[in-house]
Protein chains: 2
Amino acid sequence: MISEKKGAILILSGPSGCGKSTLLKEVYKEIDDYYFSISTTTRAPRVGEQNGVDYFFVSKEEFEEDIKNDGFLEYAKVHDNYYGTSLKPIMKALKEGKLVIFDIDVQGHEIVRKKLDSIVTSVFITTPNLNILKDRLTSRDTDSSEIIEKRIKNAKTEVEYFDTYDYLIINDNLELAAKQLVSIANITRIKAKLFDKEKIVSNWLN
Amino acid sequence: MISEKKGAILILSGPSGCGKSTLLKEVYKEIDDYYFSISTTTRAPRVGEQNGVDYFFVSKEEFEEDIKNDGFLEYAKVHDNYYGTSLKPIMKALKEGKLVIFDIDVQGHEIVRKKLDSIVTSVFITTPNLNILKDRLTSRDTDSSEIIEKRIKNAKTEVEYFDTYDYLIINDNLELAAKQLVSIANITRIKAKLFDKEKIVSNWLN
C-alpha cells in the first residue's frame, strides 16, 4: 500500500452518458485545489489533443522505463499502445493536500482501493435506467453505433458493482445530482482521518 | 447486531457549547424526514419540559420492564433515576426510511456502532480550541460554574476521540460549519449500501 494521508481521493465511475463530465464541472466551480487524474499513453495525440490536458503523451521507451520503476497505479496495452495511470502526479497532488479526482471504471476503483492507503470516497453515477442511457448516447451523436453498443454492454456489467462504492447518484435531475456530488467532494475534505490528531488535540488544549 | 438497512443514522458528538443545536436547526430546514432520538427517563419532568419532546418520561416500573425486554440501546442509573435510549422509536424511524439523528457522547457513539447494523455516519463537532469553548460556556450564562467545570473536563477527554468519527467539523465559521453538516446529512441518504441492489439493477436493466 502506498500511503499519503494529506490529500484525499474522489473516485467517479459510471457509464459514458451518465453525465459525469457535466457534474464534474459543477465540482470545479466549488473547489479550486483539486487535481484531475490524467492517463499517460504512448499513442500519438489526435488533432486538438493537448499534452497534460487530454493525456500525458510519452514515448514507448519512457513508458516501459516507468513500468520497470513501479511508476504506474495500473496500465494496459491496447493494440500496440500503452495506457496507464502514472503515480507521480497523483502522489504530488496528495502531498500538496489536494483533492485528487479519478474518472475510472469499476476495475480502476478496485485497484485504487487496493493500492493507495489514502482517504478514498467513491461515487457511482448512473442514469435512472438503461433506456435513458441509450437515448443519451444516441442523441449526443458523437460515437459510432459500434462504440455505443460497446458502451451499453459495459454499462450493463458495471451497474452490478454500484454497491462496492460509497455513494450512488442516480442522475435523474441534473441540479440535484450536482448538489449531491459537490457535497460529497466538499465533505471528503473534512474526513476525520485527514486531520493530524496530535496537532489537533494539542492545539485544542492550548 | 440489530439490523435495519432502510433508514440511516447520523451521530453528532462534541462538547456542550460547540454549537450542535444551532447547526442541527440548519439540518432540519433542509431535511424533513428525520427522527431526532430522545432519551427516556424516570426522573420527573421539570417546568416547561414536554413528554416526547425533551424526554420520554416513564415510571420506574416501565423502565425496568423495558430493561428486561432488551428495549434499550444503552441506559444508566444516575442518582436514583434511570436514563436510557429506547430502541423502539429508533427502529420504527429506520423502518420508515428516516434519517435518525443522535446527539450523544463518545461512549454513545461506540455503542451505536457496535449494536446497530445500520448505515451510520458520525460527526465530531468542536470549537477551534478550549478557550473559545470556555468563553461560549460562560457567556451563555445558563450553567453554574460547577457544571461548566464538568463540561470542560469532559471536553478535554472527548476531543481525543475525534478520530473514531467519520468527519470532523471545527465550528469556527457558523455558515461554513452548517453547510458542512447539511451536506453530510444529505449525503448520508445516498450511501450505496442503502439501496436495494437487486431492485436497482433489475429496474435499471428493464
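Every residue, even glycine, has its Cβ placed from backbone N, Cα and C.
Here is what TrEMBL records for this protein:
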| type | residues | note |
| --- | --- | --- |
| BINDING | B:GLY14, B:PRO15, B:SER16, B:GLY17, B:CYS18, B:GLY19, B:LYS20, B:SER21 | ATP binding site |
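Projection of TrEMBL feature records onto the structure.
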residue	record	Cβ contacts under 8 Å, 6 or more apart
B:GLY14	ATP binding site	B:LYS20, B:PHE124, B:ILE125, B:THR126, B:GLU158, B:ILE169
B:PRO15	ATP binding site	B:THR126, B:THR127, B:LEU133, B:ARG151, B:ILE152, B:ASN154, B:ALA155, B:GLU158, B:VAL159
B:SER16	ATP binding site	B:LEU137, B:ARG151, B:ALA155
B:GLY17	ATP binding site	B:THR127, B:LEU133, B:ARG136, B:LEU137, B:ARG140, B:ARG151, B:ALA155
B:CYS18	ATP binding site	B:ILE125, B:THR126, B:THR127, B:LEU133, B:ASN171
B:GLY19	ATP binding site	B:ILE125, B:THR127, B:ARG136, B:ASN171, B:LEU174, B:ALA177
B:SER21	ATP binding site	B:ASP103
Excluding B:GLY14, B:PRO15, B:SER16, B:GLY17, B:CYS18, B:GLY19, B:LYS20, B:SER21 themselves, which residues in that chain have a Cβ inside 8 Å of the centre of the Cβ atoms defining the ATP site?
B:ILE125, B:THR126, B:THR127, B:ASN171
What is the total of other Cβ atoms whose distance to the Cβ of B:LYS20 (ATP binding site) is within 10 Å?
20
Structural state of B:SER16 (ATP binding site), classified by DSSP into three states:
coil
